[in-house]
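Enquirer: Take this structure, written in structure tokens, and hold onto it; I'll ask about it next.
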There are 2 protein chains.
Amino acid sequence: MQKGFIFDLDGTVYIDNQLIDGAKEAIEKLRKRGDKVVFLTNKSIETITAYVKKLRKLGIDVGWEHVINSNLLVAKYLSNRIHEGDKVMVIGEQPLIDELTAMGIPITDDETEASYVVLGWDRQFTYEKLNRAFQAWRNGATLLATNPDRTCPVEGGQIPDCGAMIGAMEGATGEKVELILGKPSPLAAKFIVEEILDLPPENCYIVGDRLETDIRMGNDYGMHSILVLTGITEKSMLRHSKYKPKYVINSIKEVPEITTDLDSKALGPLKK
Amino acid sequence: MQKGFIFDLDGTVYIDNQLIDGAKEAIEKLRKRGDKVVFLTNKSIETITAYVKKLRKLGIDVGWEHVINSNLLVAKYLSNRIHEGDKVMVIGEQPLIDELTAMGIPITDDETEASYVVLGWDRQFTYEKLNRAFQAWRNGATLLATNPDRTCPVEGGQIPDCGAMIGAMEGATGEKVELILGKPSPLAAKFIVEEILDLPPENCYIVGDRLETDIRMGNDYGMHSILVLTGITEKSMLRHSKYKPKYVINSIKEVPEITTDLDSKALGPLKK
């Protein structure tokens, strides 16, 4: 039976510029046996091209159609929804603007014109941008965001991610942002499973290092969730999390062997 | 019996640069009968001097000791707490920095040095400032904020206030800011009632136009709360709010007559 695999990138396939040991071989093994493989990241400050180049440089054969980021998810979502005359305000970096533009979505900086405001991680975020987005919301624009991540790991620590932009906006409006498109959004899961993998969710696996995004999305959408311990999550964090992976493995290397059939040979969620 | 009055400013005593009709006479009447009057604002982008000047220009006789803003509350709070070597990082505008400096509190921009981070309304807020405050928090600094207001009314609308800075920070940390010093903080109430008015709370009235700050603080601290309808709150909003004023009056003008003794002559909370 053909299976679909959604792999998270940073912490799962690579860490910074270092491929996780065995990642290349594991992915090749899955493809060789006929399974479909895609890559999904919440990060909104890189283009899909940059990810394709990076993966290829690390030895993983990949096409543009195999890489999905939260910018693409937002662009897809909006392209199905905007009507004649609708324009979109973007608080985010150039790759997000480029992805929307590539999909033919009209961009505006004018708070009186915007039907939607998209919030993405923006390292040039300012009060002026916040206020512009806030005024657009006051004028009736719908608020979307690329991804809910609070922080992004960087060398030596972490820095605020899109969660901070969402927080700033919610702090001003007193309302939740209408829709956050990246993991763990069920819309993201639906789009990838139905339109890219084209398989029933019960034939799909999500492999990632984050409980509240990767594992949660997999569980919520009826996929099989696999936690790898090469990223941000340590075994000890499992006990206190609401989001329990179906499988816990040391690294991506073990994915082919535990997914030879849908009766698990894995250890299952760790006890204690 | 001597009474204490805490008056909110914008929307209660004046709107922009226009005194509310009868405000001057009401305040003079209270003072003439021996009551104590102070003014309290959550706004952190003006100095106390600016408020004193403004009130005097509008005809209200007032000294520096009668005006309290959220910057002063933070400065007071920190001056009682910091120890030798403690330094404070400020995300906010110059009046907040000045108030802390005047109280002898050492300021730092260095994320490795800060024991506290104070968040105030900052119209020059940037990602770089957010990240600096976030790194200070990661290094163990305690987060405080001047005031919880989501927005500040301006001509023709409203713009994001300190609530947006708090939201941005909480969006990154995933934790609540430790303490917000302005209204409705019980620490603010305690400081004003005990140290400035020096009266029991049951002899004190808070008069303001905002349910979730003025009225809530008064009720929580055992004062008498009086809502004026000259500001942001309309009668229709009372029904859905958790925060019910003891008295509802049209404007500050009516304060002396409804507070001649502590058996109310006021209408009480509006029905319906």
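Note that Cβ sites are derived from N, Cα and C of the backbone, with glycine treated the same way.
According to TrEMBL:
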type	residues	note
BINDING	B:Asp8, B:Asp10, B:Asp209	Mg(2+) binding site
ACT_SITE	B:Asp8	active site, nucleophile
ACT_SITE	B:Asp10	active site, proton donor
BINDING	B:Lys183	substrate binding site
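Please go over these features one by one and say how buried each is and what sits next to it.
Expert: Taking all protein chains in view, 18 other C-beta atoms sit within 10 angstroms of the C-beta of B:Asp10 (Mg(2+) binding site). The DSSP secondary structure for B:Asp10 (Mg(2+) binding site) is strand.
All protein chains shown were included, and the count of other CB atoms within 10 Å of the CB of B:Lys183 (substrate binding site) stands at 28. In three-state terms derived from DSSP, B:Lys183 (substrate binding site) belongs to neither a helical nor a strand segment and is classed as coil.
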Enquirer: What Cα-Cα separation, expressed in whole Å, is found between B:Lys183 (substrate binding site) and B:Asp8 (Mg(2+) binding site)?
Expert: 10
Enquirer: So if the criterion is CB under 8 Å to a CB of chain A, which of the binding-site residues B:Asp8, B:Lys183, B:Asp209 qualify?
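Expert: Filtering B:Asp8, B:Lys183, B:Asp209 for a Cβ under 8 Å from chain A leaves none.
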Enquirer: Whose Cβ lies within 8 Å of the mean position of the Cβ atoms of B:Asp8, B:Asp10, B:Asp209, the Mg(2+) site, other than those residues?
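Expert: Going along the sequence, the neighbours come out as B:Leu9, B:Gly11, B:Thr12, B:Val13, B:Thr41, B:Gly208, B:Arg210, B:Asp214, B:Val228, B:Gly231, B:Ile232.
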Enquirer: Across all chains shown, how many C-beta atoms besides its own are within 10 angstroms of the C-beta of B:Asp8 (Mg(2+) binding site)?
Expert: 24
